[in-house]
């Protein structure tokens, strides 16, 4: 009988390194490792690939998914102005369905019996991975070694040392950190006390606003049908634009987020995020929509944006409702073309100008000077008709009093 096979989402860290040996030992399965680059620039993917093989993986894939992540995952979320609980721009939550998609793809190519991830049993990511896999291939079984073994950090290190698995050397980072192209998240350690101020060592992409430059910096972001296409007049692909905007806004302390969020699994968790580009691009996109979307479309879209964020946060990227919302949002972006000017200063991003060839803002109708072309006399009839239901209701109530 052929040996079973498992495709593991591999990061190169201790958890997933131990998981390679643990899956082989407990499931008698060959392990295929898959490392996905979603914009964590500090990772040497070739080193990670070789490390997986040295530990015992029969194959080790690395995949540069930055472009796919930017255009197929970040962009739809940006166009939806999705921000979970009005604070979190969904960085880690966005990468999980992409990694799950690639896991399923490799598993199908390899004829694998399982896929596996390195998530704990306490967080949202286990849900995001497993629900995404179920949506894409309901016949694939998902293994969660870290959730199954339930070891302490010390027990995990003991297992690694016993089986010759490399253990990180040096002072252990007190925080749990996740990085991708869209943002950096930080939790655990002192951050578990919601009263404690986040220390500066929790931040890496942004300067403390008090130490930011004493002069503001202005950036101009160009959009075509809701897609950011230029920064300060220079045409850029989305990956490069996001990376540059991180650097520019980060040096002004923009994009720091301290959030106690409601996790899907039922607990509240305190996270610190750094998302400079996400903060600026979402602000700019919203501002461009204010002048390019008709009122009814704009208001209806505003009502959907929080639901979209919840679907993504909760791991329902491949859900039919989310896909239906994508179709609506794509249609809404047809006229979202133009340029937005944003001022960056001491931790704040403030829109100071917006222009579009499709602008619905009419100076002649909005002005109060002599160029005013608004028909003031028409207001009386409009008010009478608009207020008629209220007037009728009030009259009936008064007659019954």
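Even glycines carry a Cβ here, placed using N, Cα and C.
Reduced to three states, the DSSP call for residue 15 (ATP binding site) is helix. According to Swiss-Prot, the ATP binding site annotation covers 9, 10, 11, 12, 13, 14, 15, 16, 17, 118.
The L-citrulline binding site annotation in Swiss-Prot covers 88, 124, 128, 176, 185, 261, 273, and the record cites sequence analysis as its basis. The number of other Cβ atoms within 10 Å of the Cβ belonging to residue 124 (L-citrulline binding site), over all protein chains shown, comes to 19.
Packing around residue 125 (L-aspartate binding site) is summarised by its Cβ count: 21 other Cβ atoms lie within 10 angstroms of its Cβ, all protein chains included. A helical conformation is recorded for residue 125 (L-aspartate binding site) in the three-state DSSP classification. Positions annotated as L-aspartate binding site by Swiss-Prot, on the basis of sequence analysis: 120, 124, 125.
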(message) I need the CA-to-CA distance for residue 273 (L-citrulline binding site) versus residue 120 (L-aspartate binding site), whole Å please.
(response) 20
(message) By the count of other Cβ atoms within 10 Å, pick out the sparsest of the binding-site residues 88, 273.
(response) 88
(message) Other residues near the L-aspartate site, CB within 8 A of the CB centroid of 120, 124, 125?
(response) 119, 122, 123, 126, 127, 128, 265
(request) Measure from the CA atom of residue 9 (ATP binding site) to the CA atom of residue 125 (L-aspartate binding site) and give the result in Å, rounded to a whole number. (result) 12
